[in-house]
Amino acid sequence: MPIAPSITGNPTDLGEDLGVIGHGGSSTVRLVRRNIDGGLSAVKEFPPIAADSSRRDALKECIKLEHHIGKLAAGHAGIAETQELINDPSTGTWWIATTYHNRRLAAEVWDLDTADVERIFLEIVEAVGHMHGKGIAYGDVKLENVLFDSAGHVKLVDFGSATYAGCLEARDADATANAFPGDTHTPPYAPPESFESRTYDRQRADAWAIGVLLYVMSVRELPWIRANNGSVAWCRFIGVPENLHSTCAAGGQHPFDDPFGRATCSSLAVPGAGRVSKRLQGMLWEYLERDPSMRLMPALRGFV
């Protein structure tokens with residue numbers, strides 16, 4: 001799929017600017033009523049790139065890649081539509097427009113019953129599996145990136161962390177490996193291997209994050225605040241011996257005889273996991289598999 005050209009101008013060329021509706025990282029999201037059809041678009045505004053910035057070209061390419069991957073991921077009901085890429089050369093500002101959906105999983109999760117959780121979760125898995133089938137790793141599976149259309153069906157948004165699953169680093173690496181440790185997913189959703197190796201499979205990292213999201217949807221809280229040595233809950237789950245918990249909690253290093261030691265898959269390992277529905281309980285542990293090569297993948301899930 002060729003890279004879509006950008007439109008020179010600003011969001012007011014699309015329609016009426018209805019104001020800021022959100023912030024994410026360094027970007028701002030504005031709501032625009034489109035002139036062409038009266039529809040609403042969420043327009044992500046990136047910070048202006050200074051003409052003399054040493055990272056100018058790299059930042060531009062990252063924005064273009066986010067837009068391109070969003071367009072490439074299209075073709076599934078669970079993916080929000082990526083629309084225009086807009087650039088104002090006079091200010092160095094870029095925008096990406098997507099269809100606007102005003103219902104958020106983060107706001108509605110408290111009111112979901114078991115059947116709702118099961119349906120929504122499986123729609124999320126289907127959408128991520130669709131991306132994987134197109135060679136894309138989503139890179140940011142989390143509660144906040146799941147929106148709903150008016151009928152309550154899933155729409156995944158924000159491809160700023162997405163990449164091609166086959167991106168290689170300079171030295172020999174598996175064809176699905178990524179070169180940057182710890183750079184995938186919001187901290188509580190990051191998998192163990194992303195902190196342990198300079199090469200890891202980003203699609204399998206998505207699978208781990210799907211497991212964390214299932215827990216969050218079911219229990220209404222995170223299983224751990226951060227996926228790192230400073231969290232006792234994290235250390236307990238990935239199998240740090242009890243007598244090393246204090247070292248782990250203090251941020252110290254600890255030895256693993258087996259770098260892919262299997263997690264203790266029980267409700268005792270992650271308090272509250274017993275609240276995950278019986279239908280999805282097994283899938284939770286298959287997604288939260290310590291060894292990425294053993295982890296359940298969205299495209300191979302075999303739903304009940």
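Placement of Cβ uses the backbone N, Cα and C atoms for every residue, glycine included.
Here is what TrEMBL records for this protein:
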DOMAIN    15-304  domain 'Protein kinase'
BINDING   Lys44  ATP binding site
Quick one: give me the count of other CB atoms within 10 A of the CB of the residue listed as 'ATP binding site'. 23
Could you tell me the mean pLDDT over the domain 'Protein kinase' (15-304), as a whole number? 83
